[in-house]
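A short write-up of the structure that comes next.
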Amino acid sequence: MWVALNYLLDRLGGDYSKTVGVIDLGGGSVQMAYAISTGTAANAPEVLDGQDPYIIKEYLKERDYNVYVHSYLHYGARASRVEILKRKNGTFSNCMLRGFSGKYIYNGEQYDATAAPQGADYHKCRDDVVKALNLDAPCETNNCSFNGVWNGGGGAGQDELYVATSFYYMASDATKEMTLVEKVKHGEYYIEAAWPLGTAIEAVSPKKKHQET
């Protein structure tokens, strides 16, 4: 996505500082990509066997680019909920609204997501989120983001960021048909129910109160 976006924005062919960075939030992971200087790339830490390197070299429009790329596994929109629920202290979750009792299912596994009797607590929930980020993980370099991962060293290549989420799923849904169901009774109202673009998420909006004839 870094190459495609910078090409569309006409940012390639010049200094790396003219490019933009990209953050792509998926369900299982979140990926960061941005160009860094040659000096920073030369000092990138080594990775373990089997792991993807931090730096990808690209030759685009007669220019060399060193692109920092890392996919933070378990920190996507869905997987991160599991990491947060794992950090709860006791039976209840500090992040769920009062009265909720249920399970969160991810990758076929269930996680208890029952709310505390007093409901959500912002500060306690924040503490659970911070624990999930594992900020205290050993950092073998001078610049780590979270969970002990090198952050690429920063620099001008990340001064301007573009953030995307569910990019693939939104594009794949574009060709699906829309199904509309009208006059569904909901309480004392008749409403329209829709499942747009095949997402199977019911969206309802009150239309008018039903008049008996």
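A Cβ is built for glycine as well, from the same backbone N, Cα and C atoms used for every other residue.
What TrEMBL says about a protein is an automatic prediction, not a curated fact.
Keep in mind it's a predicted model, so treat the numbers as computed, not measured.
Residues annotated as ATP binding site in TrEMBL: Gly27, Gly28, Ser29, Val30, Gln31.
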Same chain, 6+ residues apart, C-beta under 8 Å of the C-beta of Ser29 (ATP binding site), given in sequence order: Ser71, Tyr72, Leu73, His74, Tyr75, Gly76, Ala79
Environment of Gly27, Gly28, Ser29, Val30, Gln31, the listed ATP site - residues of the same chain whose CB lies within 8 A of the CB centroid: Asp24, Leu25, Gly26, Ser71, Tyr72, Leu73, Tyr75, Gly76, Ala77, Ala79
Tertiary neighbours of Gly27 (ATP binding site) (same chain, Cβ under 8 Å, six or more apart): Gly76, Ala77, Arg78, Ala79
Under 8 Å by Cβ from Gln31 (ATP binding site), counting only residues of that chain that are 6 or more apart: Val22, Ile23, Asp24, Val69, His70, Ser71, Tyr72
Val30 (ATP binding site): secondary structure state under DSSP, collapsed to three categories: strand
Cβ atoms near Val30 (ATP binding site) (within 10 Å, other residues, all chains): 21
